[in-house]
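Okay, structure first, notes after.
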Amino acid sequence: MKTKDRSKEAITATQAAMMTAKAMIGTGILVLPQSIGKSVGTPDGWLSVLLSGMLAMMFGFIIVKLSQRFPGRTYYQYSQEIVGKWIGSCVGAMMCLYYIFSSGYLLRVMGEVVRMYLLDKTPITIIMLTFMGVAIYMTTAGINAIAQLIEIFLPIIVLIMVVFIIFSFGDFELDNLRPILGEGIAPLLKGIEPSILSYSGFEVMLFVTAFMTDANKALKATFAGIGLTAVLYTLIVAVAIGSLTVEEVQTVTWPTMSVAMNIELPGGFFERFESLFTVLWVISMFTAFVMYHYGGSLGFGQLTGKNFQLYAYLSLPCIFLIAIWPSNLNKLFKLGDYIGYASFFMFGTIPIIFLIVAAVRRVGHGTKNKRA
């Protein structure tokens, strides 16, 4: 992408923080309590989520420091300078495929939830095709348009999450969270794996940093985005366990939705809170889908020297095929696990290696000046 195009698509540190948070806040809202409950088996699951948030910040720190060595360039571009054209291109292509598979996974989860709670008589394929039709408009509009969309919806989404947390205390039992570390630290450590997978998304800073007006603020933006996500995820898991017990969250498909269905707002302000909750959650998932779709399309465009918009359209059939691939929810969740493992490998280990190689080879020159 040319410099003049970059200047038009420059984003602020606040927008970068919101994009980081929005890329992470998604399926974890609904599935994290169950996966944590099964892995930990004790009321300590919320501690695993909090600890995983700290680990995500560590990985985010590495990613930002790597990106800051190459101002104005994305991971797809500077990886070739670090390890050579062929290896760098292969790593970039892997990242593109990760985003495409993630887009397909998010699309299917959106379709499943909408069909279950909002449009039970509508075929899931129609629901997914509708989302894709709307998403392509935002994806091809560019990163600045995506950032502005997230600026509008993220505060609303966070507000609804706060309302959910506050009013869920009507069924909350503090005893369901006790005893803390009653079986030692071993169960806590078992919960790190599923919870760290739910933090997938902070890696968008590998390309978002290149568009920031001041890349020196990228670390603050990353920590802010991960911090917000960690607080919300920790509270949601604690509320789910406190309201349903750790045994029940293991058997319910969408524990968070079960809690939302029991919420009654005072004065009959909104009779079915779960409907409002579902709509806002779908918007949250949709914006994450757009970001992932953009990330994959941008990568293919930069790797081949073509307009990313071309790949935004070309990738849609692949995304749809990935979305309809799992034959049931269990296989869908298993696909999500595999994507999470791939995320940990590509964004938890490779950036560390790249940062070390870049330092040894003395490539990249850091960020001393603000972008134009």
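The backbone N, Cα and C atoms fix where each Cβ goes, and this holds for glycine too.
Here the transmembrane segment (12-33) has long-range neighbours at 45, 49, 60, 105-106, 109, 113, 146-148, 150-151, 153-154, 157, 161, 194-195, 198-205, 208-209, 212-214, 217-218, 220-222, 224-226, 228-229, 232-233, 236-237, 240-241, 244, 249, 254-257, 281, 284-285, 287-288, 291-292, 333, 336, meaning same-chain residues at least 6 beyond its ends whose C-beta is under 8 angstroms from one of its own. Annotation comment: TrEMBL describes 12-33 (among others) as transmembrane segment.
Using a Cβ-Cβ cut-off under 8 Å and counting only residues 6 or more beyond its ends in the same chain, the transmembrane segment (45-66) has close neighbours at 20, 32-33, 36-37, 39, 75, 177, 180-181, 188-192, 195-196, 198-199, 202-203, 205-206, 209, 218-219, 222-223, 226-227, 229-230, 233-235, 237-238, 241, 246, 347-348, 351-352, 354-355, 358. Taken from TrEMBL, the feature transmembrane segment covers 45-66 (among others).
Sequence-distant contacts of the transmembrane segment (86-106), counting only residues of its own chain at least 6 positions beyond either end whose CB sits under 8 Å from a CB of the stretch, comprise 26-27, 75-76, 79-80, 200, 206, 285, 288-289, 292-293, 295-296, 299-300, 302-303, 315, 318-323, 325, 332, 335-336, 339, 342-343, 346, 350. TrEMBL lists 86-106 (among others) with the feature transmembrane segment.
According to TrEMBL, the feature transmembrane segment maps to 126-145 (among others).
According to TrEMBL, the transmembrane segment annotation covers 152-170 (among others).
Per TrEMBL, transmembrane segment is recorded for 196-213 (among others).
Summarising the annotation, TrEMBL assigns transmembrane segment to 225-246 (among others). For the transmembrane segment (225-246), same-chain residues at least 6 beyond its ends with a Cβ under 8 Å from one of its own Cβ atoms are 16-25, 28-29, 32-33, 36-37, 40-43, 45-46, 49-50, 52-54, 56-57, 60, 158, 161, 164-165, 168-169, 171-174, 176-177, 195, 198-199, 201-202, 252, 255-256, 258-259, 262.
Per TrEMBL, the feature transmembrane segment maps to 275-296 (among others).
Per TrEMBL, transmembrane segment is recorded for 308-326 (among others).
Residues or ranges marked as transmembrane segment in TrEMBL: 338-360 (among others).
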Item checked: Same-chain residues at least 6 beyond the ends of the transmembrane segment (338-360) whose Cβ lies under 8 Å from its Cβ atoms -> 59, 62-63, 65-66, 69, 79, 82-83, 91, 94-95, 98, 101-102, 105, 196-198, 200, 202-203, 206
